[in-house]
Amino acid sequence: MDRQQGSAATPKAAAGKPRLSASASAGGAYRRTSSGPLPAAGGGGRASSDSGVSSRVRVAVRLRPRNAEEQAADADFADCVELQPELKRLKLRKNNWESDTFEFDEVLTEFSSQKRVYEVVAKPVVESVLEGYNGTVMAYGQTGTGKTFTLGRLGDEDTAARGIMVRAMEDILADITPETDTISLSYLQLYMEMIQDLLDPVNDNIAIVEDPRTGDVSLPGATVVEVRDQKSFMDLLRIGEAHRAAANTKMNTESSRSHAILMVNVRRAVKGRNEMDVSMSAENGHSSSMMGSLRPPIVRKSKLVVVDLAGSERIDKSGSEGHTLEEAKSINLSLSSLGKCINALAESSAHVPVRDSKLTRLLKDSFGGTARTSLVVTIGPSPRHRGETTSTIMFGQRAMKVQNMVKLKEEFDYKSLCRRLDIELDKLIAENERQRKYFDDEVERITTEAQCRVVEAERECKIALENEKMKYHQEYLDSIKILEEKWKVHQQSPKKEVKETESTSNGDVHELLQNEKMLRQSAEDESNDLRNQLLHWKKMEATATAEVVKLRRMLDTEASQKDKFEEEIAVLKSQLMQLSMDADETRMSLDTGDGPGKIFPGLDSLMSHTRSSQPREQSNGPKAPVAKLFEQVGLQKILSLLESEEPDVRVHAVKVVANLAAEEANQEKIVEAGGLTSLLMLLRSSEDETIRRVAAGAIANLAMNETNQDLIMAQGGVTLLSMTASDAEDPQTLRMVAGAIANLCGNDKLQARLRGEGGIKALLGMVKCGHPDVLAQVARGIANFAKCESRAATQGNKVGRSLLVDDGALPWIVKNANNEAAPIRRHIELALCHLAQHEVNAKDIVSEGALWELVRISRDCSREDIRMLAYRTLTSSPTLQSEMRRLRIEC
């Protein structure tokens with residue numbers, strides 16, 4: 001690789017140069033001969049997915065200082081280039097008297113710091129990416145001129161030496177909001193015209209998928225990792241750099257032999273637009289109108305592509321030979337194709353040969369597409385390489401003529417809206433139930449209280465009336481008795497006394513009568529008061545009855561609202577069915593492929609393309625297909641539909657669960673909600689071939705997680721998968737079952753249980769199908785099992801012959817070791833190497849004729865790691881060495 005920048009500029013020398021601010025560098029992106037300045041990285045306003053702003057490719061040239069070899073060899077010669085950074089010019093000397101002058105957007109001397117290079121080359125592009133535009137930063141130049149130093153330097157020893165990749169991610173992470181924004185990346189290399197995953201080296205031939213309608217290029221098979229902080233990003237870069245191809249040549253001790261491509265996807269929520277301003281209070285009773293007024297939030301999706309091209313080289317100067325020579329041919333061929341495309345775009349040719357190379361297909365959006373592109377060309381000062389320097393400068397000059405149509409990528413975030421609607425629906429249902437319970441309790445309390453008060457008032461009134469009646473009756477009887485006694489005394493006394501006391505008796509009688517009248521009046525008044533109190537309590541009872549009637553009406557209103565909610569839930573269920581059918585059609589339209597574990601790849605990328613194609617002007621019209629997303633229904637509701645009595649509903653539900661299980665973020669939720677148990681139940685009870693096929697695919701996706709593997713084994717999953725394999729005739733169903741068992745074979749802890757429950761027998765039984773996809777999954781499972789056995793034997797955890805050999809897998813392995821299909825052959829070769837590593841299997845290897853295949857693999861295998869593994873196995877086994885000497889075979 002271009003690992004070193006020669007003698008790097010010191011801080012003092014770098015400080016002596018004038019620095020441009022980020023805004024100045026963005027605004028100065030124009031040539032002197034152009035008609036006017038191009039818009040800055042953040043300019044152009046808000047562009048929709050259907051319109052854009054024209055933007056020229058910005059090109060900067062960077063000069064590498066002389067290295068030790070050049071200082072010794074070219075000590076008597078002047079540099080072949082002369083830089084004029086203040087005029088943004090470069091002079092290329094033809095001889096001591098003549099020179100050609102070229103203009104660039106930026107001219108960076110050998111003393112320019114890494115920070116200066118980042119600010120003038122990459123920072124405007126990074127700012128555009130943060131605003132929603134696609135962006136590309138690329139380095140081009142002769143091998144050994146500092147491309148990898150400029151782009152990919154990690155700066156572990158000196159933070160000031162950090163390259164563009166590290167600094168760009170620092171700015172992106174500093175600008176995003178972790179709660180609403182997400183950053184994910186893929187790290188790839190284009191090696192010998194094969195796209196390889198630097199984060200997963202086993203994934204060594206990723207296919208390019210092109211949307212036939214929009215022409216957009218994607219890599220659905222690449223590993224995508226979400227990044228939360230700078231440390232995790234640096235760890236990923238170190239992993240990728242460790243796997244990148246490099247070699248020692250005369251031009252560079254660590255020359256890059258592949259094109260490295262870092263893809264950073266940025267997803268940001270647009271704040272302050274289309275906010276929901278409708279109250280969520282349940283008292284207004286208008287939930288349907290409230291839901292109709294919601295608007296989905298807007299998100300911006302952009303992509304930053306950083307491309308570290310392998311250096312162009314001349315064979316006579318680099319001294320490449322053998323495999324290194326083949327690598328050089330492939331590098332020069334792809335760079336030649338890129339140059340042809342740049343020429344065609346610069347000359348506005350009607351045909352641009354982007355399909356001549358995978359490199360030009362990947363960079364289709366960077367040159368002549370919708371991305372904002374910045375190119376840094378690196379050159380050396382040595383006059384011995386004037387020809388390569390001239391070619392690099394002319395490439396940069398032609399690239400400056402390429403015009404891109406920069407477009408803003410905005411979409412409606414229907415997933416977020418569906419989640420919010422689901423939460424609000426649950427809140428409304430819970431509030432409705434709470435209020436109804438409160439109303440019921442209040443009605444019961446008021447009714448009970450009113451009845452108690454009425455009964456108490458009636459009882460008190462009755463008692464008071466009886467007491468008063470008895471009191472006044474007794475007083476009346478007493479007064480009559482007194483009068484009678486006085487009358488008798490008056491009759492018996494002489495008339496004289498009668499006359500003397502007549503006046504006194506008449507006065508007493510008159511006084512008694514007056515007292516009697518007053519007592520009667522008091523009793524009547526008290527009786528009236530009691531009657532008034534009784535009337536008051538009756539009025540209170542009537543009021544309580546009216547309040548009860550009012551509460552009952554409110555309950556009726558709430559019941560009607562509940563009916564509306566149930567209708568909306570029914571609509572959601574119908575949308576679930578429609579979504580499942582759409583997802584099924586989408587999956588059938590994709591290539592089946594042979595991925596390492598996922599059975600339903602590519603669905604998310606296709607749905608993303610569908611979303612981006614929907615114009616936002618139709619937001620008030622019919623609902624777009626993207627609104628029918630999985631989350632609109634809710635995971636628990638989908639899983640409940642797996643037990644539906646209607647076959648069509650069950651089919652649609654299991655398809656949706658399978659597509660959800662293809663995403664790692666959903667797997668834990670599915671298992672926690674009981675989805676794994678439901679899928680295994682479908683395998684056990686369903687007779688529908690479609691349901692069994694899709695359920696097996698979903699289990700295969702879940703089986704990629706080690707925790708889920710233990711659960712599958714604990715619930716008898718291997719037995720159910722084996723029964724399904726024995727009953728199925730459809731190759732796709734067998735492929736799903738084989739993929740699930742293959743994922744389980746990669747768990748060291750499950751080896752004995754897997755074999756004991758018939759997993760290996762089931763895999764070998766499926767080879768009778770003969771379908772290549774099924775055979776590829778069977779081969780992958782056997783390779784995983786053999787690898788785990790080899791590791792256990794090395795660690796001393798296993799003794800005795802391989803379980804694969806015991807179950808009769810070795811003859812099939814030998815038969816298919818040279819299969820025409822590359823995936824099948826690669827897995828079989830790995831399995832055979834792992835089996836032969838254990839000495840106890842050596843006799844079976846020899847008796848079954850596998851020794852010859854091991855020798856062939858050590859000589860002819862296209863994969864160097866497998867070839868070396870076979871060689872080490874043959875040379876380390878005494879039994880195999882003895883047999884090779886007997887047969888006079890040389891390794």
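Just so it is clear, glycine is given a Cβ too, placed from its N, Cα and C backbone atoms.
These figures come from a predicted structure and were not determined experimentally.
Residues or ranges marked as ATP binding site by TrEMBL: Gly141, Gln142, Thr143, Gly144, Thr145, Gly146, Lys147, Thr148.
The coiled coil annotation in TrEMBL covers 513-582. The coiled coil (513-582) scores a mean pLDDT of 78 in the predicted structure.
Annotated compositional bias 'Low complexity' per TrEMBL: 19-40, in sequence order.
What TrEMBL lists as domain 'Kinesin motor' is 56-402.
The region 'Disordered' annotation in TrEMBL covers 1-55.
Look at TrEMBL and you will find 633-675 (among others) tagged as repeat 'ARM'.
Positions annotated as repeat 'ARM' by TrEMBL: 674-717 (among others).
Ranking the binding-site residues Gln142, Thr145 by other CB atoms within 10 A of the CB puts Gln142 at the bottom.
Across the repeat 'ARM' (633-675), the DSSP tally of helix, strand and coil residues reads 32 helix, 0 strand, 11 coil. In this structure, of the binding-site residues Thr143, Thr148, the smallest number of CB atoms within 10 A of the CB marks Thr143. All protein chains considered, the CB of Lys147 (ATP binding site) has 30 other CB atoms within 10 Å. Around Gly141 (ATP binding site), the C-beta neighbours below 8 angstroms that are at least 6 residues distant in the chain are Lys147, Leu309, Gly311, Ser312, Val377, Thr378, Ile379, Thr392.
Of all the Cβ atoms in the protein chains shown, 31 others lie within 10 Å of the Cβ of Gly144 (ATP binding site).
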